[in-house]
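Below is one structure, written out as structure tokens, with a few remarks after it.
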Amino acid sequence: MAEVDKGVDQKEIAKLEKEAVNGDDESQIKLGKHFLTLADSEIKREINGEQAVKWFIQASRQGNDEATQLLQKCQKTKTGITEFNKEDVEWCVNTSNLEKKVRQAARKLYTKMNDTHKEVLSKEDYITAVKRVTGGDVLEQKLLLAAGKKIGDSINETEFVKILSKKIQGNLTLTSEETEEHSSEYKSAGIVTKVYRYPKETFQAIFEQGFETVSKEGMNWVTSLIPTNQIQLLILFYLYNFISTPMILLIVPLLVFYLSALVMIVATVQMFYKKKKMKDAAALANVLKTYDVGVDVNETRSQYSWNSLTPYLVFFGALPLTVISFSLANKMYIPCSEFCILAGAFAGLCFTALSDSHDMLMILAVVFNLIASLPTFVNSLPQIPFITAAIKLVLGAGFSVEIGAGFQINLGLPTVSYLVVPVMFILMAARGSWKGTYQVLVPHLVCYFWWQLMVAVFPFTTWKGLIRSSVGYFFLPMLIPLSVLLIIVGFFYVVYKLLMTAVFGKLVVTLLLGGLAFLLSQTKTLFGKKTDKKLGTTKKIVMGIFAVLALLPIIFVQLPTTKKPSKQVIAWEEYRGICALNDDNSVPEQLACSSFIGSSITWTGTFKEARISKIENSVEPLLKGMPGFIANYLRCSYGGEYGDCNDETKSDKEKQICSLMTSLGHECHLNRHNSYSFSLQVKMEEFEKGTLVLNAGNNFKETLSALAVGDRVEFSATLVDGAGSLAPQFKLKSIKCLDRELDVMVVMVENDEDLILQSANEAIAVGFNFFWYPLAEYIPDKGFLVEKEEEAATVE
């Protein structure tokens, strides 16, 4: 027993100890304070401090606030804190009083159920005890039996308290006894006992330790033997055969949209599940309240809501991706009518299922939001003389005031309603000392944004499509079995078609090599879970920083200019008059014409010559670093064979090349992976001394091969260098032969900056209007696109 103060009544101390042992938290507090006073007086400080902390822990575990505060004080002063009680002190300090009270009530409930004081209760004994203590209440029996079923056939007090606490709060803070329940027994066992009594834990320990050592020590050696970088780049080159800017703008937004929309749907379903579980948690808390009046059912609801915010965070994280990707995606590949009905259905379900009650404030918020959305629906009404105009005047966007750069402010009844909605949100959040933020506002925001998604998709729907999708969802239960059958048949059909194509072999090789590279890069994730958990937060922060840094250049480079671009291009006569050389000194002209760099031109001239300025084939250097038998196989898989050199379909030149290469031991080539850069020269009128130099990319290969010297050509390009010199440099965008019809594509547009700018502009419009319409609206400037369409029509 710890040393006590001689001046204190020993009978009083003995009485307090007796009451403290019986679980009275007030006696535990008084006894702890007594020992803390002795420790602060330097009377056997370590022993008395440890005794004080011991009683404070017991009182704090019952939800005593004063005991928790005293433990915090001991933690700061290091009084009575030892290696044995350190984790318990941290648990008491970091765990909410609600969880402590729930645990205390659960222990009392278990004690009442286990009136025979058995170490564990069997499944049959547990069922009998539940029926006895619930007094025939069906809901209480159902919840307690479900908790016991989750534990297993043998129910002890620790597991019972743990599972009830988790069900009531939505998460769990493990105590030191719970975390070390198995590990302490395992660590204390001998080597032989570990093998035959704990084979699973022993194998897991050997497995984790072995692979952790291999991942740390052997990774550099393994990666040096396998060319992982070349394999990964090989995958990229396989994909490069099919990728272009239009294809990226077609596939990536669709993929992101479907994935982010699916995430939102799954997150919403999780919200419904969490809401159902919260009702069960409240019912369980009501049961425990009988055994501890400190268990507050309302506080339990609040705590469960706070612990169940993960689906909401996921939902709000996926929402911007869904909006932006939808604006970029080709609406032909999105069932807009079906998605509109789905979003409306989720909005209604969220309003009814995620809120405990619907008072006047929530109903008014829905009404005002509906009025604010009316302009979108009014614009789709059929045109009826006078009636449509009157409806649009009252319920439309109202009067518009342009503020420049494509932005405008709307003034009308929907605008006023839109401004009232945020006020309603603030009033919702202010409830219950701002607990309404996550209890009321966040669930209502889910309903609000599903409704906004429906409004954003509605302009891309038709009335027939909406009727079709409504009927389709009604018959969905009957269509699901048929859909599963069609998917299975379609899968086997696709596999059959793949087996009939040459690309299937490439795909299999690529997946195998890519899977090998992926496994090697994920060794720590797969086999070093402990290390990965320690570094998880740091890695997420670093990845987030790099993601922001990667997006910044895209934002600043790809945003369309706020200034409307000119529809005029520099004419050849204007350029010649200012920049053509009059003598041998070109400096004055170059100084005067330097401002023209970056300008677009559309001129007509005479084709003089073209040559290949650069050949790139990054696959060949990769294969040279591999063993010969692998390189030859991949060269034939990803390239082409020379074939029969005497084939009559080949020209004489092709036959000679084939014979020379096969004699050198080359059966296959990678010419299809060659990327060519061209430099062509064009003569202009009254520019005898100089020649225009047009730099073209690989897309112009067929066109330039078909041109002949002396052909009159019309071309569009951008001035990039040498303005005012004898050989100004241009970047070719399109070219057309005027003298004759070529057998290849007439107009070859290489650069897709216009398409990227158009997509970015539309994405900004949809994203801005999603959050701000009808108060403010952004209308994309179409002037730049009109200019390009007119220019293309002129060329054709």
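Every residue gets a Cβ built from N, Cα and C, even glycine.
Summarising the annotation, TrEMBL assigns transmembrane segment to 246-269 (among others).
Annotation source TrEMBL lists transmembrane segment at 309-326 (among others). Here the transmembrane segment (309-326) has long-range neighbours at 253-254, 256-257, 260-261, 263-264, 267-268, 270-271, 274, 334, 438, 442-443, 445-446, 449, 453, 456-457, 763, 766-767, 770, meaning same-chain residues at least 6 beyond its ends whose C-beta is under 8 angstroms from one of its own.
Per TrEMBL, the feature transmembrane segment maps to 332-354 (among others).
Here TrEMBL flags 361-378 (among others) as transmembrane segment. Proximity of distant same-chain residues to the transmembrane segment (361-378), defined by a Cβ-Cβ separation under 8 Å and at least 6 residues beyond the stretch ends, is recorded for 351, 355, 391-392, 395-397, 410, 412-415, 417-418, 420-421, 424-425, 427-428, 440, 444, 447-448, 451-452, 455, 458-459, 773-774.
What TrEMBL lists as transmembrane segment is 384-404 (among others).
Residues or ranges marked as transmembrane segment in TrEMBL: 416-434 (among others).
According to TrEMBL, the transmembrane segment annotation covers 440-461 (among others).
If you look up TrEMBL, you'll see 473-496 (among others) marked as transmembrane segment.
TrEMBL lists 502-520 (among others) with the feature transmembrane segment.
Annotation comment: TrEMBL describes 541-559 (among others) as transmembrane segment.
Per TrEMBL, the feature domain 'Wolframin cysteine-rich' maps to 572-672. Model confidence over the domain 'Wolframin cysteine-rich' (572-672) is summarised by a mean pLDDT of 78.
Under the heading domain 'Wolframin OB-fold', TrEMBL lists 673-776.
Ranked by Cβ pairs under 8 Å to the transmembrane segment (416-434), the stretches 246-269, 332-354, 440-461 are led by 440-461. Within its own chain, the transmembrane segment (440-461) has Cβ neighbours under 8 Å at 268, 271, 309, 312, 315-316, 319, 322-323, 326, 331, 334, 336-337, 339-340, 343-344, 346-347, 350-351, 354-355, 362, 365-366, 369, 373, 376-377, 379-380, 421, 425, 428-429, 431, 766, 769-771, counting only residues six or more beyond its boundaries. Under DSSP, residues within the domain 'Wolframin cysteine-rich' (572-672) fall into helix, strand and coil as 49 helix, 21 strand, 31 coil.
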